[in-house]
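For reference, the structure is listed below as structure tokens.
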Amino acid sequence: MTARTALPLRTLLTALAVLVALVLPLVLPEFQVTLLVNILIAGTLVTGLVLLTGVVGLTSFGHAAFMGVGAYTTALLTTQAGWSPWLSLPAALVVTALTALVLGLVTLRMQGHYLPLATIAWGISLYFVFGNTPALGGNTGLTDIPALSVLGTRLTSPRAFAYLALLCLGLSALGAQFLLSSRTGRALRALRTGPLVAEAFGASPFALRVQVFVLSAGLAGLAGWLYAHNQRFLNPTPFGLQAGIEYLFMAVVGGVGHVWGGVLGAGLITSLREWLRGTLPALLGQQGSFEIVVFGALVILTLQFARRGLWPLAERLLSPAAPARLPSPTPLPRRAVPTPGAPLLEVQAVSKHFGGLRAVQEVSFQLHAGEILGLIGPNGAGKSTLFNVITGVNPASSGRVQYAGNDITRLGAAQVHRRGLGRTFQHVKLLPELSLLDNAMMGGYARGRAGLLRSLLHLERHEEAALRAEAQAQLDRVGLGAQALTLAGSLPLGQQRILEVARALVADPTLLLLDEPAAGLRYGEKADLAALLRRLRGEGLTVLIVEHDMELVMGLVDRLVVMAGGEKLAEGTPEEVRRDPQVREAYLGADPVAPTGGAA
Ligand SMILES: Nc1ncnc2c1ncn2[C@@H]1O[C@H](COP(=O)(O)OP(=O)(O)OP(=O)(O)O)[C@@H](O)[C@H]1O
């Protein structure tokens with residue numbers, strides 16, 4: 001008897017959701033179809049906010065204003081210049097995107113709460129521009145915006161319009177999903193942990209922030225275009241700060257990091273708003289926007305009990321989504337392996353000062369291809385600072401760093417990485433909600449080329465296939481291959497650190513730099529790590545390891561550089577270093593092989 005494979009629940013539910021979405025405009029009463037259209041329009045905007053706020057972590061209160069830019073652009077072009085709404089669609093998208101580009105270039109370098117404040121500032125400014133520009137109809141607004149026509153049929157009924165809005169939302173959400181599972185999407189997700197990871201794997205955090213900001217504004221512009229031709233009149237009210245806050249509520253309640261969570265949030269909040277607007281004034285005996293109070297309470301409750309929103313609660317009931325099907329991979333090109341023993345990294349009289357503090361002072365050493373070099377020293381010796389100078393995270397105050405004969409002193413972290421330096425982090429920086437495979441694929445960012453647009457259209461499938469095959473191969477190499485589809489957050493720390501090594505290996509580095517890889521590991525985990533590093537050295541990889549755990553270091557490295565007080569104290573084999581009187585003194589007279597600090 002042939003075993004029949006049951007369709008996964010996820011596929012069945014997706015098919016059911018599509019079917020329901022297609023049938024609803026036909027079967028609902030007309031006033032509810034109008035509500036459905038509003039949900040679909042809001043969902044289109046919130047899809048962009050999910051990418052910007054949920055995925056990348058940039059909070060915008062001003063996206064309703066971008067919706068206004070799209071809406072007023074199409075309204076002006078169709079009513080004043082007589083354009084067809086289909087021609088004014090690209091114009092509305094371009095004007096919104098350009099507005100976002102200008103605002104983004106000015107504000108997206110801001111950190112912390114300054115950026116949300118800036119979004120409030122320009123959100124309010126644009127709102128007042130809409131209300132105080134006579135050509136835009138001021139607070140009275142613009143009327144007689146033409147209806148859309150498709151093949152001679154005017155979309156004046158909510159039922160017909162619902163299908164157009166459904167198409168726009170469907171395409172937006174699908175594009176966003178494609179983006180999130182792409183090379184660019186992984187780099188966008190990495191931005192949530194700060195700029196360090198994205199940059200360490202060859203991406204430009206600022207360029208990514210600008211791109212996702214413009215894309216999310218574009219989706220708001222699309223929502224504005226739909227809104228204008230659905231309502232057929234405009235005034236500034238739906239594009240003010242209050243609306244901007246409501247869209248954020250939708251993203252937060254639905255599930256800020258999930259595309260379909262945003263759609264769920266748009267559905268819940270828009271329906272609830274309609275219901276409360278009808279119910280609350282009757283209950284309270286007076287008019288007013290009381291629904292905002294209820295939304296506020298709802299957001300507080302969501303943040304209290306379901307921090308990632310409602311969607312992840314539903315997702316928990318389903319098995320994880322299988323990775324998308326991709327064509328058979330073509331192997332990625334490999335770097336030439338440096339000649340064993342040849343100088344690979346040369347640190348020449350490097351100093352790094354923070355104001356008056358000399359964190360690193362005239363340190364020089366060489367690292368030869370095929371060796372493991374340990375960089376050790378007591379707390380505050382300057383090891384991490386030197387590590388950051390070599391990897392391009394912080395520029396040197398003076399001195400030179402040469403890699404494979406090229407000066408890399410002035411290069412940023414992304415460019416240093418592209419020269420063949422791969423790294424791990426002192427504090428593990430993985431994306432816990434993604435699989436091991438996805439995390440490892442992030443390491444291959446610099447080996448791909450597909451940008452935002454190709455990813456949105458899912459035209460990067462061949463490149464993805466190659467990256468995925470490489471990531472799987474590196475997971476196999478470090479012994480994590482069998483768990484490739486497990487979530488990274490569920491691994492114990494030791495395996496998370498090994499996953500970071502695999503992620504670095506996906507970049508095909510010629511030098512692997514490890515920043516305190518044994519910190520927090522148990523005895524057995526340290527032994528596994530040491531065995532892995534020995535094996536990698538045997539395969540021709542060069543390793544620089546900054547470590548506190550002397551037992552691990554002494555049994556692993558070929559040579560050591562010892563730092564203390566920012567200066568190089570000694571250099572040599574573990575035996576030479578162990579006998580060095582200055583080193584013993586730096587370790588307060590103790591044998592450096594004896595455990596130090598908490599890590600040993
Ligand atoms: N960004 C910074 N701004 C100012 N001072 C800094 C900065 N980074 C490091 N320092 C200082 O530089 C000195 C060297 O610090 P560093 O972190 O490089 O030492 P370390 O050898 O890595 O120590 P540990 O083993 O404890 O991590 C310390 O005094 C530290 O406070």
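A Cβ is built for glycine as well, from the same backbone N, Cα and C atoms used for every other residue.
Annotation source TrEMBL lists transmembrane segment at 39-58 (among others).
Outside the transmembrane segment (65-83) by six or more residues, the chain places 45, 89, 91-93, 95-96, 99-100, 122-123, 126-127, 130, 135-136, 142, 144-146, 217, 220-225, 227-229, 234, 236, 238-240, 243-244 with a CB less than 8 A from a CB of the stretch. Annotated transmembrane segment per TrEMBL: 65-83 (among others), in sequence order.
According to TrEMBL, the transmembrane segment annotation covers 89-107 (among others).
Annotation source TrEMBL lists transmembrane segment at 114-130 (among others).
For 160-180 (among others), the entry in TrEMBL reads transmembrane segment. Among residues of the same chain six or more beyond the transmembrane segment (160-180), those with a C-beta under 8 A of the stretch's C-beta atoms are 21-22, 24-25, 33, 36-37, 40-41, 43-44, 47-48, 50-51, 55, 148, 150, 153, 188-189, 219, 222, 226, 230, 259-260, 262-263, 452, 455-458.
A Cβ distance under 8 Å defines the sequence-distant neighbours of the transmembrane segment (206-227), meaning residues of its chain 6+ beyond its ends; these are 40-42, 44-45, 47-49, 51-52, 55-56, 58, 60, 63-64, 66-74, 85, 88-89, 92-93, 95-97, 99-101, 104-105, 108-109, 164-165, 168, 172, 184, 187-188, 191, 198, 234, 238-239, 451-452, 456. Feature annotation from TrEMBL assigns transmembrane segment to 206-227 (among others).
Among the features that TrEMBL reports, transmembrane segment is placed at 247-269 (among others). For the transmembrane segment (247-269), same-chain residues at least 6 beyond its ends with a Cβ under 8 Å from one of its own Cβ atoms are 39-40, 42-43, 45-47, 49-51, 53-55, 59-61, 63-64, 169, 173, 176-177, 180, 295, 298-299, 302-303, 308-312, 315, 433.
For the transmembrane segment (290-306), same-chain residues at least 6 beyond its ends with a Cβ under 8 Å from one of its own Cβ atoms are 242, 245-246, 249, 252-253, 269, 272-273, 276-277, 280-281, 284, 312-313. As annotated by TrEMBL, transmembrane segment applies to 290-306 (among others).
According to TrEMBL, the domain 'ABC transporter' annotation covers 345-590.
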Contact set, same chain, for the transmembrane segment (39-58): CB under 8 Å, 6 or more residues outside the stretch:
64, 67, 108, 115, 162, 165-166, 168-169, 172-173, 176, 179-180, 185, 188-189, 191-192, 208-209, 212-213, 215-220, 222-223, 226-227, 230, 247-248, 250-251, 254-259, 261-263, 265-267, 269-271
